[in-house]
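This report refers to the structure that appears directly beneath it.
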Amino acid sequence: MLSVALILHLTVKGFDQWHIGTLFTYILIGDIIITLLLTTTADAFGRRNILVIGSILKLFAGLMFAFVDQYLLLVFAGIVGIISPSGGEIGPFLSIEQACMTENVKDNTQITAIYSWYNFFGYLSTALGALSSGYMISKLIKDYNFDTVNAYRSIIIAYAIFGAIKTLIYLCLSRQVETAALFDSELIEHATDSTSRRKTTIQATHILHWFKNKFGLRRSASRRTVAKLCALFVIDAIGGGFVMQSMIIYWFHERFQMNIEMLGLMMMFANLISGVSAIFVTPLVGRIGAINTMVITHIPSNIMLILIPFMQTKASAIAMLLLRFSISQMDVPARQTFVAVSVENNERSAAGGITNLVRSVGLSISPIIVGYLLQDSKNPILFASPFVIGGGLKLLYDILLYVSFDVSNRNQLVHAKKHTQNI
């Protein structure tokens with residue numbers, strides 16, 4: 001929903017592309033800070049508590065972007081709050097939610113299936129949001145005589161409302177989403193001392209101990225694997241920052257003069273196709289492994305990404321975009337699975353948070369450059385360069401990912417599946 005409206009909302013408010021790109025960079029820098037603080041303490045402080053805090057920050061950012069016009073206040077809201085310029089999930093939600101869902105899963109081969117369906121419903125929701133926002137904006141302008149600023153503002157307000165709804169949903173989560181270690185420590189606290197002061201002291205000590213254990217990664221093997229993945233993911237994320245969904249929408253809007261309703265429909269199909277493709281990841285990972293799945297689906301999708309600006313007609317450019325989306329996100333469940341099975345259960349929130357954090361670092365670098373490149377739509381070389389640069393960096397990531405892990409790591413989930421079948 002937000003990817004369709006946010007960049008156009010800021011544009012009609014009078015901000016140029018350089019200021020918007022800089023604002024998106026500040027937003028993603030804020031996401032880095034928030035994600036680090038929340039995800040690395042989630043397993044110690046309580047996953048439900050952290051999710052509630054995150055959804056409140058989402059509500060705050062939505063209200064600020066809807067009703068505030070001053071640039072510096074928007075920068076503040078973007079840093080402190082949670083709002084996504086990329087069209088994807090940012091903040092602590094994804095890594096903590098996935099840790100909650102797999103807390104009691106003993107069979108690693110089931111994790112890919114869980115993540116695949118999680119991503120399917122995520123992309124389906126994104127598709128419905130893109131369609132409904134495009135339709136709503138068009139309806140408000142044509143039938144209800146809204147000006148463009150207020151029409152776009154309505155979408156930002158809806159984003160804030162969903163933040164409030166998420167808060168209520170997270171408050172209803174059971175204790176089963178928490179780590180066993182946290183649950184056991186609370187039982188010990190209750191048995192030894194029921195006073196609130198004692199409980200607060202133990203909780204604070206527990207959190208401090210968590211930070212001392214390298215941001216929730218207690219094992220040295222986990223830290224080595226996560227560090228290697230972070231070095232690779234930052235390259236992919238920098239490339240992804242050049243082709244965020246909001247940038248793609250702006251490019252098609254300027255290049256082919258597409259209206260907001262058509263843009264919403266286009267992104268609806270793109271995200272719907274991505275969601276369906278996520279379902280087919282499970283058997284692929286089980287057959288060839290997570291790393292191999294990431295590489296063989298990512299390379300052709302990035303070649304298609306580079307080709308998009310060279311399509312001469314609107315129909316061919318949209319077709320290439322949709323074809324790219326049909327496989328571009330298949331690496332996501334595979335990547336999330338590989339991170340999850342490479343660490344212990346009580347390290348998953350931290351591992352997912354840190355790797356997502358690094359991706360946010362990479363994403364935060366690109367928008368300010370993209371803002372410069374997209375200033376003049378009449379310059380074909382500069383206007384096409386985000387796709388070429390982004391696709392090139394992503395191809396580099398694919399190659400480095402493949403050569404950075406040996407055969408046993410690339411086939412990790414294959415071995416797990418065979419072992420399960422033998423048992």
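Including glycine, each Cβ sits where the backbone N, Cα and C put it.
Note on the domain 'Major facilitator superfamily (MFS) profile' (1-409): mean pLDDT across this stretch is 86. According to TrEMBL, the domain 'Major facilitator superfamily (MFS) profile' annotation covers 1-409.
Marked as transmembrane segment by TrEMBL: 20-38 (among others).
Residues 6, 9, 34, 38-39, 41-42, 74, 76-78, 80-83, 91-93, 96-97, 153, 156-157, 159-164, 166-167, 170-171, 173 of the same chain sit 6 or more residues outside the transmembrane segment (50-68) yet have a Cβ under 8 Å from a Cβ within it. Under the heading transmembrane segment, TrEMBL lists 50-68 (among others).
Residues or ranges marked as transmembrane segment in TrEMBL: 74-96 (among others).
Positions annotated as transmembrane segment by TrEMBL: 117-138 (among others). Sequence-distant contacts of the transmembrane segment (117-138) (same chain, at least 6 residues past either end, Cβ-Cβ under 8 Å): 1-5, 87-89, 97-98, 101, 151-152, 154-155, 158, 259-265, 267-272, 274-276, 278-279, 329, 332-333, 336.
Annotated transmembrane segment per TrEMBL: 150-173 (among others), in sequence order.
For 229-252 (among others), the entry in TrEMBL reads transmembrane segment. Through the fold, the transmembrane segment (229-252) approaches residues 3-4, 6-8, 11, 17, 24, 28, 85-88, 258, 263, 266-267, 302, 305, 309, 314, 317-318, 321, 338-339, 342, 354-355, 358-367, 369-370, 374, 383, 386-387, 389-394, 396-397, 400-401, 404 of its own chain, all at least 6 residues removed from its boundaries and within a Cβ separation under 8 Å.
Per TrEMBL, the feature transmembrane segment maps to 264-285 (among others). Within the same chain, residues 3-4, 87, 112-113, 116-117, 119-124, 126-128, 130-135, 137, 245, 248-249, 252, 258, 293, 297, 318, 321-322, 325-330, 332-334, 337, 413 sit at least 6 positions outside the transmembrane segment (264-285) and bring their C-beta atoms closer than 8 Å to a C-beta of that stretch.
Long-range contacts of the transmembrane segment (305-327) within the same chain: residues 243, 248, 251-252, 255-256, 258, 266, 269-271, 273-274, 277, 297, 383-384, 387-388, 390-392, 394, each at least 6 residues beyond the stretch ends and with a Cβ under 8 Å from a Cβ of the stretch. Summarising the annotation, TrEMBL assigns transmembrane segment to 305-327 (among others).
According to TrEMBL, the transmembrane segment annotation covers 381-405 (among others). For the transmembrane segment (381-405), same-chain residues at least 6 beyond its ends with a Cβ under 8 Å from one of its own Cβ atoms are 228, 232-233, 235-236, 238-243, 247, 251, 254-255, 291-292, 294-295, 298-299, 302-303, 305-306, 308-310, 366, 370, 373-375.
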